[in-house]
Amino acid sequence: MVLSSSCTTVPHLSSLAVVQLGPWSSRIKKKTDAVAVPAAAGRWRARARAQDTSESAAVAKGSSLTPIVRTDAESRRTRWPTDDDDAEPLVDEIRAMLTSMSDGDISVSAYDTAWVGLVPRLDGGEGPQFPAAVRWIRNNQLPDGSWGDAALFSAYDRLINTLACVVTLTRWSLEPEMRGRGLSFLGRNMWKLATEDEESMPIGFELAFPSLIELAKSLGVHDFPYDHQALQAIYSSREIKVKRIPKEVMHTVPTSILHSLEGMPGLDWARLLKLQSSDGSFLFSPAATAYALMNTGDDRCFSYIDRTVKKFNGGVPNVYPVDLFEHIWAVDRLERLGISRYFQKEIEQCMDYVNRHWTEDGICWARNSDVKEVDDTAMAFRLLRLHGYSVSPDVFKNFEKDGEFFAFVGQSNQAVTGMYNLNRASQISFPGEDVLHRAGPFSYEFLRRKQAEGALRDKWIISKDLPGEVVYTLDFPWYGNLPRVEARDYLEQYGGGDDVWIGKTLYRMPLVNNDVYLELARMDFNHCQALHQLEWQGLKKWYTENRLMDFGVAQEDALRAYFLAAASVYEPCRAAERLAWARAAILANAVSTHLRNSPSFRERLEHSLRCRPSEETDGSWFNSSSGSDAVLVKAVLRLTDSLAREAQPIHGGDPEDIHKLLRSAWAEWVREKADAADSVCNGSSAVEQEGSRMVHDKQTCLLLARMIEISAGRAAGEAASEDGDRRIIQLTGSICDSLKQKMLVSQDPEKNEEMMSHVDDELKLRIREFVQYLLRLGEKKTGSSETRQTFLSIVKSCYYAAHCPPHVVDRHISRVIFEPVSAAK
């Protein structure tokens, strides 16, 4: 089961100036606007403002009640959001990216290319075996004399790339001027090693850089600062690391050390060749494999290098392939940016690919690896489980030792991103999955400790706002994460093409981090937001016309109710579901209050709900009364009538049947609310009331689910066909009741910590069971995934509301509903 919307219409978006200069990695976009607000979105915002200013006048004139969605005529005029071609090129381009995935699109590493260029002809002749690699070096020196990532300066990266290229050119007595400029750069910048952040040190730098220095010295490279003070710390680190390398182990079983063999002395190649990866590489490292080829002449090493050189037109990346890494991380980015609905087929293909290469021991960045690591394993586990694949959490036992979790099998260190993705994986645990129940607290405490230390940096990536990503996930776990809140934050955390990964050198993954995803996501968000603003204007009119302020529902309550709906069901094509949720939630709050205050109200409302749509106006009371009972009864009946009219074209059949579904849902809710021992609101403080209006009880949550489902053309809860479906409905109600109870307990100073802990434990168990039923039914492909998504959205919104302080909710409302996303990166 894919827990995402099937709504895939392409939005009407503003034009984007794009220049295509070759492959994805060289895509350049022209940015001219300060704020990425589509022209159409701007028009809708202007219209929303105009509607807002004329609202009171319209009400004064006795205008007809606001419809649940726009009329057919209005929809034809606006054609929201399907008929503009501006988004099509972006969607098509991303689709082409996703379908082009193979072994991974990755930038070239000058360091690794230099090692490949050092391989002499294997037939004993003079010159390099791979002259194309040497050509690449000659063609890619930067203006300052260095080699490396041109857009981001890192002393580690530039120094190791530059020294490697100088060594290779010296080995073949080529380009003395280039070598001189490279050596000049090294001399000018060596001091910067002492100022670099250790977290950004490339993989194996303390081993590889001294090895290159020794190689340079053996080749007679002059003018290199061999005794520079900044090198002393690197030499010391090398001695410590060399002593720690388990030489016997590294020759016996595959370990991550295989990735960094180049320049390492005292290797037993006969034994190491038995540890080659299936593609002939040494843990997918061109540099390590080139070094092995120099020392062994192995045919499989040659084949791997030869294929890679040809693939990248002379250069080679720092690691290859990166197929699993690319497939997994691209899906994650698209989902968090809120644009995955456009690419459901392509995402399904990506996840099928990952599932084919999943193993019970885990995975790493490339298929068929004998070495596994927790970062890719955790990301793949989470996505596979969420997309309906059966995966066992026992895989994480491979990364656990003495109650701690680590990055690679056999190691004992952690990285921020590895623990971050482990924590995300633990959030979708099932009952009894003890390893995930241990991984969750361990990773949470590790990350919170790093946060307190101001150390949420990672050795694998230099991203725009990794601390923001981590803190958001810790504050809003998966079962309390509203999609549009996440997308709004991630749009400011995702750096697009500016995000850089750290391997042996800096590298880029253009199908994971690129500006095309970012541009479409910004446009989509702003476009949906403009529609949401227009809907809110209509909802305010409806709120005023029905006098809901007279029943204790403030306009702020109405806005919060709409926000929960819009942040959960945000797609333009799901306006009917979104507005049904919001209006039902607002009206339910008003009715709940009036049921307690008016003894006669229940009987009158139930009587009216039992009548046929044409009968309720026959009674003299209904026609003549303008009291509070009549006002609220009319509001409920008008809502059910509006929902029925909008849902009839979707359902088909007899409109009377839809009315019956809607009215019976409300009648059942009224009966249960009136009969329940409702101690929640009695004696509540103002603060408690504010929260209680957002956190619904079981009866109201199930009412909202039925309103959403009927508006979507389904009828959740009327006749659940599977035991699992029925259990999901039961658990939804139970979780919502527990959340309501938790909120009230937390606000009562007389309640003790033991009671709060008991409520938390019960809630945790119910959520795990809910997640299990939800995702296991997805694995079986039974029932309606859309209906399960409805219940998930209801649970998430209640969890969010119960745990999120009011001032944070209000900030999210502002960002999600009212503040457009800026184009500034």
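Each residue, glycine too, has its Cβ placed from N, Cα and C.
Quantities reported herein were computed from a predicted structural model and do not represent experimental measurements.
Neighbour list (LYS459 (substrate binding site), Cβ cut-off 8 Å, at least 6 residues apart, same chain): GLU199, SER200, MET201, ALA415, ILE502. Taken from Swiss-Prot, the feature substrate binding site covers LYS241, LYS459, and the record attributes it to similarity to another entry.
Positions annotated as motif 'DXDD motif' by Swiss-Prot, on the basis of a curator's inference: 373-376. Under DSSP, the residues of the motif 'DXDD motif' (373-376) split into helix, strand and coil as follows: 3 helix, 1 strand, 0 coil.
If you look up Swiss-Prot, you'll see 1-70 marked as transit peptide, on the strength of sequence analysis.
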For LYS241 (substrate binding site), the same-chain residues 6+ apart in sequence with C-beta under 8 angstroms from its C-beta are GLU206, LEU207
Roughly where does the motif 'DXDD motif' (373-376) sit in mean pLDDT, to the nearest integer? 96
Using DSSP and three states only, what is LYS241 (substrate binding site)? helix
